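**Q** One structure is given below, represented as structure tokens, and several questions about it will come after.
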């Protein structure tokens, strides 16, 4: 009897150690993941709720407003999945179905590229207006803005979501108690090629956006001479940098590291943990709405006014 109890105890300890070893993240990486997603959930939730109240009070529907509405929607979809990620990182065990794990995992990527797309569209339209090409752009009408948004979401729902659902995580056998560990997919040449293509496209577009915005800022500063600090036109272009800064800080590091990660995915197991850390940084883009709210507050405007007066005095 005692031998059987002792044998059962050893078997339970072995099973518990196996289940804990299946959790691939060490203490430091796990703490970083919990912190990043917690900040994104708290700041993104506050920003989305506050921005929703601001949008309800607006009577007009401009291009920028339409883009902000799309950002609220896409951020909200990601924030809905964040608690399930946090539950996994805290409990170190996935207790939901594997199909739901794939959906939660894919949502981070869908959120990142949709946010990137809406940023690019917003910046391009603002630049067209800056160069006084608004007459040639039919997109500024309300109906066209709504139709374009609907087309983007329809494309995602009809083509992207089904492909991710049926193909994401299909080539490998994964443990039902672990999640977000689909690195076996990268062994396929087609998946590698798609990832490399996306990395190059994102990097090139980011460089073009940054170069274009710097060119416009230099042009505005030369046009306004020494008094550009007090002009609204200059600060309107500075606000465009918020979009580009989010891309550079949140999105670009992930893609730069992923180029290295794809090449050495089979050599180092720890790279998967680092890849998840860089991926968690993309969720911090949810803080953009909070920055928009703060930049439009009275306190922020008073701080900017004080800064302008001091700079003008100097």
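Heads up, the Cβ atoms here are built off N, Cα and C, so glycines get one too.
Take a look at what TrEMBL says about it:
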| type | residues | note |
| --- | --- | --- |
| DOMAIN | 47-257 | domain 'G-protein coupled receptors family 1 profile' |
| TRANSMEM | 31-56 | transmembrane segment |
| TRANSMEM | 68-90 | transmembrane segment |
| TRANSMEM | 110-131 | transmembrane segment |
| TRANSMEM | 143-166 | transmembrane segment |
| TRANSMEM | 196-218 | transmembrane segment |
| TRANSMEM | 238-257 | transmembrane segment |
| TRANSMEM | 277-300 | transmembrane segment |
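Are these features on the surface or tucked inside, and what are their neighbours?
**A** Residues 25, 65, 68-69, 72, 75-76, 78-79, 82-83, 85-86, 89-90, 276-277, 280-281, 283-284, 286-293, 296 of the same chain lie 6 or more positions beyond the ends of the transmembrane segment (31-56) yet place their CB under 8 Å from a CB of it.
Within the chain, the transmembrane segment (68-90) has long-range Cβ neighbours (under 8 A, six or more residues past its boundaries) at 25, 30, 33-34, 37-38, 40-41, 44-45, 47-48, 51-52, 55, 96, 100, 103-104, 107-108, 110-111, 114-115, 118, 149, 152, 179-180, 283, 285-286, 288-289, 292.
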**Q** Is the transmembrane segment (196-218) packed against any residues at least 6 beyond its ends, judged by a Cβ distance under 8 Å, and which are they?
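**A** Distant contacts of the transmembrane segment (196-218): 113, 116, 120, 123, 127, 130, 234, 237-238, 240-241, 243-244, 247-248, 251-252, 255-256, 258-259, 262.
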**Q** Checking distant contacts: for the transmembrane segment (110-131), what same-chain residues at least six beyond its ends satisfy Cβ-Cβ under 8 A?
**A** 63-64, 67, 70-71, 74-75, 77-78, 137, 139-140, 148, 152, 156, 160-161, 164, 198, 202, 205, 209, 212-213, 216, 237, 240, 243-244, 246-247, 251, 254, 282-283, 285
